[in-house]
Amino acid sequence: MFFIFILLDRRAKILAAWFRTGHLASLQTWSFRVMTTKESGGAKAESALSSSANPSKRVSEKPNYALKFTLVGHTEAVSSVKFSPNGEWLASSSADKVIIIWGAYDGKHEKTLKGHNLEISDVAWSSDSGRLVSASDDKTLKIWDVRSGKCLKTLTGHSDYVFCCNFNPPSNLIISGSFDESMKIWEVKTGKCLKTLSAHSDPVSAVHFNCSGSLIVSGSYDGVCRIWDAASGQCLKTLVDDDNPPVSFVKFSPNGKYILIATLDNTLKLWDYSRGRCLKTYTGHKNEKYCIFASFSVTGGKWIVSGSEDNLVYIWNLQTKEIVQKLQGHTDVVISAACHPTENIIASAALGNDKTVKLWMSN
Amino acid sequence: MEAEASDPEPPDAGEDSKSENGENAPIYCICRKPDINCFMIGCDNCNEWFHGDCIRITEKMAKAIREWYCRECREKDPKLEIRYRHKKSRERDSTERDGSEPRDEGGGRRRPAPDLDLQRRAGSGTGVGAMLARGSASPHKSSPQPLVATPSQHHQQQQQIKRSARMCGECEACRRTEDCGHCDFCRDMKKFGGPNKIRQKCRLRQCQLRARLSPVMPSESLPRPRRPLPTQQQPQPSQKLGRIREDEGAVASAAVKEPPEATATPEPLSDEDLPLDPDLYQDFCAGAFDDHGLPWMSDTEESPFLDPALRKRAVKVKHVKRREKKSEKKKEERYKRHRQKQKHKDKWKHPERTDAKDPASLPQCLGPGCVRAAQPGSKYCSDDCGMKLAANRIYEILPQRIQQWQQSPCIAEEHGKKLLERIRREQQSARTRLQEMERRFHELEAIILRAKQQAVREDEESNEGDSDDTDLQIFCVSCGHPINPRVALRHMERCYAKYESQTSFGSMYPTRIEGATRLFCDVYNPQSKTYCKRLQVLCPEHSRDPKVPADEVCGCPLVRDVFELTGEFCRLPKRQCNRHYCWEKLRRAEVDLERVRVWYKLDELFEQERNVRTAMTNRAGLLALMLHQTIQHDPLTTDLRSSADR
């Protein structure tokens, strides 16, 4: 039987769908060509088709990220990718000492920022998407003006590789963690180091401000995760579990209540900061050597996204902890995965064998 | 710690806080302090570390010890004895206190890092950096994986290995108990089915110190990794060289000097001589690293040549004063390392850097259709070839890149265009405002002109109508003196001008705006090399108020209820009028300030426009297209935005 559905959406555009059904239950056998405008068409078609038990919630149960763009340009391993807060740009830092800025929606190369003398380990955006800070092996951090491409300030003071960096939400401060086992708080305007926190007894692998900018979380290879008061520099809390494998990545959740901790025993944990308890554990990926970035995806369903050493990007359901999708395409360890602030886009970057950044999109 | 030097807190506070957070800083020794910056020796039984100062063991004494147990362990278990390395040193040390011999371990000063395989994000590239930097840092930061030939392993083996003229008994080769069976000497042995013509010990069992030949054949040396592994190579050189020195009966202090020296040479290479080409960088690192990657290989190759010389020299040196020995050893080490480096560079360098005298081994020039050999240190035989290849590349790759770029609309470009439009609109509005300002300026001048033409009328509107409280005193804001309220305005203006004229306010650049009649003062100050940037009408520094003639009228337009002009003007002579002091100056200044602000706005907009235009021109340039590529996997999706394109 052939059905011809004509659907009218609000803007009076006509969608035509051709179907061929076996029986209603096996919706998978349908093949159709739909000309739609993206959001309304998809949803309408689905709901129109759902005459049988096709749950219209399928979209939010599992994402269907598909590879859209591969961004080639780095000549060495890529170390970190971050979307700008306004969603327009993607910054990628690499071991070839440059930062490349790509358009987030079309993946086109925009700018290359040169200036560091050694590999760059991390890059972070300011809240107005106008500035970047980069942390490099040459023991300095650099603040860049994105529009002009110039390096505004160079922050010196660390005595070993600077490994991680972040702006605070008002973007007047920068926090940096380094292999010299300390964290430094810098003032953006003057470039001076305001505070040095002798944080850990091993290299600091990740630092992050919470959404209000009052707290800092830091993780380190010594297995300890610490929460600091940003204003005074006091350590408020130390999170240690039974075992203490090296912490490779920490991050506050967008609402600031939870902390995502990645450790080098192939585990991601979601902790409740105030109660000091581990709420969820995400496993299945491989993470034993590298400090792999993880991220919260809140634009579609609530996912946890992380790279892995088996060349895949893993996506877990935040609540049920099960793996909902694994993105394949990279040919080396996926060191960084970032989520777009408003769209269902994931950017992932891989190490030296691959050297590319891939953009995935879900609907 | 240098990191804390920048901190305003005194170093004591840092240390105190460290020990206060007791759970962080591990404490050692009998003194139970977390200090690890001095020499320490570890007990082989309880694995506790002790400061050399606290138990009175110096580094030198420690050199001669192979196994050491702390006092407690020795008291608890009488079987544990301190073992020394040489007969000679044993004799020397038997007179010293028991348990006073610290161990020498290149990397053993600190607790091991959690996991050796921890790599940094950018993989081996930074692994190199990590290793090189680690080496240059103080020895107690190096990675401490148990090494092949550490003293810690020595004390595990209880049996004594015989020593002879050809066996030192200490080195790794002497400790081997089994023949490898694969080397040429083993294959010659009867037990491995050989003719027994050569009749030598297994290659791997040739003593590294005393054997006549090299223990390992060059062809059998392990292949050097192209990218150095970020594992334990570092402390070995100090170990090996140090122990070789010791076996010569030389001064133990040389070993201590070695770690900083051994690492001093590659460090300048890595940090300063970084070539921009990443390939070259890797090679450099590989080359530099080969100095320390598998150093025992290098040593064993070198030692046969230098060994006899060393030995002889060592023997001679023993009788000379210590200081001379030290310096000689340093020179030897440097020489030795230099030779090693040369050798390694020759072997493992990029093939293009091989000997130019051998044209057959030179690679071919990469120019299109060129069959000549490439110049040493280059990929081409001549500049022309390079240019031709570059041109070919551009012809081949560029068109498809351009096509790729144009396949999908560039969103940044669209944004840029919209931004430009907006900026242009704003510039338009700013210009109209400017014109408005100019109009007001002219108006004001006209008013002032008219006001001046008024006749003076003395009697009317005298100030006697004002409240006559002469006992009420106001204090001047600038100087603080009490003044009569009637003359307050006049006084304060003058007072302010007096103070303000003492300060300068300027910038380096003169004002260059076309169409602006009078804005900034712009008087050049040669001392500070600045142009005064105060409003010209107001500047107290550079313009003095003209003397008011006696018959000049005030002329200020009078207002009713603050805002409504009555059309009347103040008729009092200027000198007497206390209400409208300097009214022209102030009104002119008002208008000027508005104009200045509009000019600032225009300037900002110009700046923004310039930025956008630069970004647009620099986008998709030749280099950008050649170096980067965006591969589209889904031909339908060119724009990842889900909502309608704005």
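Glycine residues also receive a Cβ, built from the backbone N, Cα and C atoms like all the rest.
Marked as signal peptide by TrEMBL: A:1-16. Annotated domain 'WDR5-like beta-propeller' per TrEMBL: A:70-360, in sequence order. Sequence annotations record features per position, and here TrEMBL assigns repeat 'WD' to A:71-112, A:113-154, A:155-196, A:197-238, A:240-281, A:282-326.
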Same chain only, please: residues at least 6 beyond the ends of the repeat 'WD' (A:155-196) with a C-beta under 8 Å from a C-beta of the stretch. Say none if there are none.
121-128, 131, 133-137, 139-143, 202-209, 211-213, 216, 218, 220, 228, 230, 233, 291
So which residues does the repeat 'WD' (A:71-112) touch in its own chain, when a touch means Cβ under 8 Å and the partner is 6 or more beyond its ends?
118-129, 132, 134, 136, 144, 146, 149, 293, 332, 335-343, 345, 347-352, 354-359
Averaged over the repeat 'WD' (A:155-196), what pLDDT does the predicted model reach?
94
For the repeat 'WD' (A:197-238), what does DSSP give as the number of helix, strand and coil residues?
0 helix, 22 strand, 20 coil
